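Student: The feature domain 'Dihydrodipicolinate reductase N-terminal' is assigned by TrEMBL to 22-126. Residues or ranges marked as NAD(+) binding site by TrEMBL: 28, 29, 30, 31, 32, 33, 55, 96, 97, 98, 123, 124, 125, 126. Annotated NADP(+) binding site per TrEMBL: 56, in sequence order. The domain 'Dihydrodipicolinate reductase C-terminal' annotation in TrEMBL covers 129-267. If you look up TrEMBL, you'll see 153 marked as active site, proton donor/acceptor. Sequence annotations record features per position, and here TrEMBL assigns (S)-2,3,4,5-tetrahydrodipicolinate binding site to 154, 163, 164. Taken from TrEMBL, the feature active site, proton donor covers 157. Per TrEMBL, region 'Disordered' is recorded for 180-199.
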Ligand SMILES: NC(=O)C1=CN([C@@H]2O[C@H](COP(=O)(O)OP(=O)(O)OC[C@H]3O[C@@H](n4cnc5c(N)ncnc54)[C@H](OP(=O)(O)O)[C@@H]3O)[C@@H](O)[C@H]2O)C=CC1
Ligand SMILES: O=C(O)C1=N[C@H](C(=O)O)C[C@H](O)C1
């Protein structure tokens, strides 16, 4: 007989006089991020890990286990079904899985309409340094005619470019548009001898993806003007770097109904 891919434990009970523990379920619990999230939730004094799910068929276990918040680190092709399920079950969602575009976000906002008390928080990056890098890049964007992004990740990463790089590029492009900065002078690809040599084009910002053994998650935003460059770089050397952001989101999502994108507002940014 095969072992069920999920483990559930009974809903938590808080000691008398203390605030109830937050019952948390984790989807993708055996993955690189899910494993770390289970460890972090287990160690958090105000949370209880009530369900660990690693396959779609067992999703009902998070509801049966009484999860109030689900954390999803699965795959771009699974995450929409997971969110739909959680919304139907009145479970708040904290989502780190990538692959969100405007269309997907609009769909989730629509699903949430009949559930005014329910929160879904989607963040392409829960690392505080990565969030700050995005903010700094937005600030600097209007001062430099040239901008390019290089993201560097472990070879097991399923998507490219990274969700963080795509979001950074969109934020930088929006800041440039707002400031009236014209397209980068070196944006043309007409003379490229090999397609792809200049990276992917995200709203006019070239994004280059490196996959290399030994790496975890890293990003550089390079900006250039006459005679100078500015390089902003963030490195996640360990997936522990994402955990403070994930736990903050678990604590906050229940009091933030509707769709929240990014953890910036939770950090007061
Ligand atoms: N927002 C952030 O800060 C971060 C986001 N990420 C993102 O998180 C996602 C996961 O990354 P990572 O942990 O490295 O990936 P992994 O492949 O290591 O883990 C994904 C896990 O999800 C499982 N899974 C797939 N579909 C389902 C489903 N429908 N229900 C439950 N579990 C499922 C997989 O199981 P199986 O292998 O059996 O298919 C696997 O164990 C990616 O999109 C990544 O970009 C990563 C790091 C930080
Ligand atoms: O897959 C990863 O590892 C990561 N994914 C997220 C992304 O795509 O931006 C966040 C971080 O870069 C790690």
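Cβ atoms are placed via backbone N, Cα and C, with glycine included.
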Student: Whole-number Å distance between the CA of residue 163 ((S)-2,3,4,5-tetrahydrodipicolinate binding site) and the CA of residue 32 (NAD(+) binding site)?
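Tutor: Residue 32 (NAD(+) binding site) has its Cα 16 Å from the Cα of residue 163 ((S)-2,3,4,5-tetrahydrodipicolinate binding site).
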Student: What average pLDDT is reported by the model for the domain 'Dihydrodipicolinate reductase C-terminal' (129-267)?
Tutor: 95
Student: Considering only the binding-site residues 28, 30, 32, which possess a Cβ situated under 6 angstroms from at least one atom of ligand 2?
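Tutor: Qualifying residues: none.
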Student: Specify the secondary structure state of residue 153 (active site, proton donor/acceptor) as given by DSSP, simplified to three classes.
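Tutor: SS state of residue 153 (active site, proton donor/acceptor) = strand.
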Student: Listed binding-site residues: 28, 30, 97, 123, 164. Which have a CB under 6 angstroms from an atom of ligand 1?
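Tutor: Only 28, 30, 97, 123 meet the Cβ criterion.
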Student: Quick one: give me the count of other CB atoms within 10 A of the CB of residue 55 (NAD(+) binding site).
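Tutor: Taking every protein chain into account, the count is 15.
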Student: When you rank 28, 97, 123, 125 by Cα distance to the residue listed as 'active site, proton donor', which of the binding-site residues ends up on top as the closest?
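Tutor: Looking at Cα distances from the residue listed as 'active site, proton donor', the smallest one goes to 97.
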Student: Does DSSP give residue 32 (NAD(+) binding site) helix, strand or coil?
Tutor: helix
